[in-house]
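Working notes for the structure below.
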Amino acid sequence: MSDLFDGAIMTIFARELLEATVIIGQYRTVLFRSDDWQDPARQKEGLRAITVSALLAALVALIVTVCVAVPLAVLSRELDDRVVEIIEGISKLVAAVCILQLSLKIPKFLGVYASKKGEDGATIGLSLKSIRFNVAWNIWRELAEIGVFLIPFFLGGEAIAVPLSGLAGIAVGGLLGGIIYFANKLLKNKFWLAAFMAILLLMLSTGLFVGGCHEFEEVLGETEKVYNIGVVADPGSEDAEEHEEEEEEEEEEVVVVTYTGWSEKKLPMAIFKPFGYSAGPTQLMTAAFWIWLAFGIILHAWKYISSKKIRDAEESANAEKDGVKTLEHEETSNMDDNDLLKEEVSTDGDNSYNEFLKTVESN
């Protein structure tokens, strides 16, 4: 089963499909909320344009990915085990970057982080031509990235894991995309939802980064373990170190080891392995965990501070506009009062002059 499924492949599919789903949801939201698209017939035509453009772009991206995958899968048969492990390490690092980017984008999708492009996060033209082009281009770009990110897996001989892992990623990405779409429509306070999803994805990205670094470590030589609470054997013994490595079918000797309740190979701690947990981490794994986690936290803090500055600037601009409108209104009102006063003075002057002429004539 492990040969048919790969968590890194699933995360790549989930990330790209989620972004594609969010893009489609943004365009649909604009059509539902824009005053220019409230005509039922025109709105239906716009929604159809979004659907058709997205499907055609996805089909083209799928064809291109298959055309690239076949020759790479054939070439992968000539690679040795060390090269495969290096490629697996690269693939996990790529997946870690992808998931970290998604962790930073989730709060923006939900409106927690401000976007310079507007509330919907995209500059969207409201003509059918621009909708067709923008939807097709963005969906093609997101899905074609899947093929690019899968290149290490094709070269590593793991193409057999793509179908099942891809389906799982599509399901996860579609589910998260649906949650974001309906959350934007129904929820007023989306802060906690965004915080939960961002933290979860950041920890998943950290786990992938640690796993990728450990793949390189297995090829180049492992650093010393910080501690080992995953096996019954003495943490410093050869047996303990041997059983932390992945078992291969070609191994001549099979050693039976008793794992403790803290081992990531047993439940419940196995649930935390994708998030960077290990009962026997090496020095490199420990350093990679904290460095990547701190890096993600710093990026989120920077995004939060930038969002605050953007919103403060928007509020200042809106307040300035309101102040200008108020001043113009006051000036207009003052001008109107002055004009009335002038008319009254002018009218009083004319009446006094006419009375003077009548007095002269009577005399």
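Note: Cβ is positioned from N, Cα and C throughout, glycine not excepted.
The compositional bias 'Basic and acidic residues' annotation in TrEMBL covers 315-332. Residues or ranges marked as region 'Disordered' by TrEMBL: 315-353. Annotation source TrEMBL lists transmembrane segment at 52-73, 161-184, 191-210, 284-302.
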Exercise for the section: Could you tell me what the rest of the chain brings near the transmembrane segment (191-210), counting residues at least six beyond its ends with Cβ under 8 Å? Expected result: 7-8, 11, 92-93, 95-97, 99-100, 102-104, 106-107, 110, 112, 176, 179, 183, 273-278, 281, 285, 288-289, 292-293, 296-297, 300
Fill in the blank from the handout: Given the transmembrane segment (161-184), its same-chain partners at Cβ distance under 8 Å and 6+ residues beyond its ends are 3-7, 9-18, 20-22, 25, 29, 69, 106, 109-111, 150, 153, 190, 193, 197
Handout entry: Chain residues outside the transmembrane segment (284-302) and at least six past its termini with a C-beta under 8 angstroms from it
Key = 96, 100, 103-104, 107, 198, 202-203, 205-206, 209-210, 213-214, 217, 222-223, 226, 276, 278
